Amino acid sequence: MAKTSRSKKSKQEQLSEDLKIRIIAFTGLFLIVVAAMKLGPIGEQLNFLCTYILGNFVGIGYIALIIISFYVVYYAKLPRFNGPNAIGLYLLTGSILIFMSSLSEDNITGMKVVNQYIATAPCNRGGFIGAILYGMFSYLFDKTGAIIAGGFTLFISIALLGSKFYVKHNKKEKNKLKKKKGKQQNTSKFIDFFTKKRDIAFFPDDIFEMDEKKSEKKTSARIHTAHLEEDDSLSSALEFDEKSMTLEIKNKEPKIHENDNLKPKQKVNKNYRLPALSLLKNPVSKKSGDNKGNALEKADALTNVLHEFGVNASISDIFIGPSVTKYELKLETGIRVNKIIQLQDDIKLALAAKDIRIEAPIPGKPAVGVEIPNSVATMVTFKEVIKDIPKELQSNKLLVPLGKDVSGKTIYAELNKMPHLLIAGATGSGKSVCVNTIICSILMRARPDEVKFILVDPKKVELTNYNGIPHLLAPVVTDPKKAAAVLQEVVAEMERRYDLFAGANVRNIEGYNNYVHKKNSDLPLDEQLEVLPFHIIILDEVADLMMVASKQVEDCIMRIAQMARAAGIHLIVATQRPSTDIITGVIKANIPSRIAFAVSSGIDSRTILDTSGAEKLLGKGDMLFSPMGSSSPIRVQGAFVSDEEVSAISHHTANQQEANYDEKYINVKLNTTTSNAASKEEEEDEEYEMCRSFVINAQKASTSLLQRQFRIGYNKAARIIDQLEADGVIGPQIGSKPREVYIRGYQEEDIE
């Protein structure tokens, strides 16, 4: 009833608003007729004012105002004044007024034209507007130049007005070719001018500039220094592709099938613009001369300490990375690799290093790697890694640049191939920054209709900055109980998508979307099929979820990790407690791609990566990245994205389009095992209070007494007795004697 009353109220308000607009339009129409016919003193004054402004063009002005008034009366709204046709009419009117004002017998130019018109008020020629336009152009280009400028303006107006008929003619020609070839092709439509704002090739709305990108080639030298400085001449092709992509997406409505699996498609915003790189901070250039000198000194010290312990090895390559330097040792024949691992503490002592990590052997190379921290660490900024994405990979919306390895090469993670990711690390190691980097990199390159997020943040402070962005399916979930129910809805969405795939006879989301695009070319606009976006599920702190509903959360993670890859649903699980009760064997078996930040012990490292090494990391974004199928983890210095950059990106996306949440994730019902457990606890609390009051009033307590009085089972009665003893209400069991009640009854206390 409330919903019906609200809808009736809104309809009444809309009708009253339309009535007001029509009354104003009728009033304006009446005044226009009075002015045009010079009815009375008011009509004469209005006609003088209009003639003073438009001159001899006032008659056409009256006709235009009458047409606009009838339009407002009929549609109860103003017509569009910003389309190509409207701009063409403005330019046509301006050019005519310039020509009419130039017909003056007085050979004057510039502001003298305006001053003379104000002084004499002839109310003819091009009027006051024409005098201003002609005076401005004649001041800049003289009288002849003003006439040429008017002619050029007239040519532009004709081109804009004629483009409408060109598009219509082009449509007819394409339809003829389509009938001849027997193929269904998408053609441009006349309505596109008003709904899609398509660009005309002769007058583009935006002019994009693209510089040529310089290719960086590594020199085969003994010392490899990572390119960490900002290169001002890098290409801005990313921004070019971002803007041009928006012109290709079509706003189409879904077709409702009998299986009810298709849901209404969200409206595509044609004016959406991806965030520009200018929102990000430029990297601070740091010279690597100090690190290079220290690397050479430590190389000599490393070879010396190895020779002292009888290990004959030579350094073949040195890679100076952002935070660590990697030395590749080539061992002589007969030297055991295990011998260098045993000398790890001695090498650390000789080099006075904070910590070292030995990679023995390096996969694919006959060498042993020794990673030593740099004396001066260089920060890897988010802007430099997002700009390094090659052109052939820019079409992958789920490509995420994580950072740079020890050789300065940008490391990417493709979420659609991983297909799920586990992130773990101690507090302050860079885990939250990595999650922000993943989210921001997708927001920088993907539109809301291409990728959707579900963010779960039990800590309530890490991901709440993203509230309001159009990429979210629901506001950031902070309640662990609700998060468990949301995960069940994700599982239901996964099953719905597989039903769609089965009906279309395809295997994955790419095949289904290709099938939809082919089908949509043959279907009318109101029966278009749904194009499925990718879904990214991010659980920022899974430990809190496991504490509330471990079984339910683990089951949902297991099902999503096992089946959701082909459905386009990808899971990112992050935790700061890499213990076996949180990262269970089931989760590890189904999430093969993992990122480990600095942890406190080798046990935690083996829990995450199944190998040690994460305990040797330096923190502040230093990570070990183990993608699916990799034999050994890759050491990466993670990209740093600041809070200001996160806010700038989220504000830009939120301003481009309002968030359109999915109601099934917002109005999720807590009818799961979590809510059942909570209700059971509430019932037990009520029963406990009732039993406590009874025991205090009766001044006696036993399990059988509670069973008879409250008709409960032995186990529950025994638990309540134990709880009463723990709370200090009753005493312990002493043989066959009854338990002593420590709290006196209410009646005895009142008597005293």
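Quick reminder: no glycine exception, Cβ is built from N, Cα and C everywhere.
Heads up, TrEMBL stuff is auto-annotated, nobody curated it.
As the structure is a computational prediction, the values presented were derived from the model and not from experiment.
Quick look at what TrEMBL annotates:
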- G425, A426, T427, G428, S429, G430, K431, S432: ATP binding site (BINDING)
- 408-606: domain 'FtsK' (DOMAIN)
- 21-40: transmembrane segment (TRANSMEM)
- 52-74: transmembrane segment (TRANSMEM)
- 86-103: transmembrane segment (TRANSMEM)
- 146-167: transmembrane segment (TRANSMEM)
Between 0 and 100, where does the mean pLDDT of the domain 'FtsK' (408-606) sit?
89
For the transmembrane segment (86-103), could you work out the same-chain residues 6 or more beyond its ends whose Cβ comes under 8 Å from its Cβ atoms?
54-57, 80, 113, 125-127, 129-131, 133-134, 137-138, 143, 146-147, 149-151, 153-154, 156-161
Setting G425, A426, T427, G428, S429, G430, K431, S432 aside, what same-chain residues sit with their Cβ within 8 Å of the center of the Cβ atoms that define the ATP site, listed in sequence order?
Q576, F597, A598, G619
Same chain only, sequence gap of 6 or more: which residues have a CB within under 8 Å of the CB of A426 (ATP binding site)?
Q576, F597, A598, V599, S600, G619
Residues near K431 (ATP binding site) in space but at least six apart in sequence (CB under 8 A):
I423, A424, G425, A574, Q576, F597
Any idea which of the binding-site residues G425, G428, G430 has the thinnest Cβ neighbourhood at 10 Å?
G428
For S429 (ATP binding site), which of the three DSSP-derived states applies: helix, strand, or coil?
coil
Neighbour count, 10 Å Cβ-Cβ cut-off, for S432 (ATP binding site): what number do you get?
21
So which one is it: of the binding-site residues T427, S429, which has the fewest other Cβ atoms within 10 Å?
T427
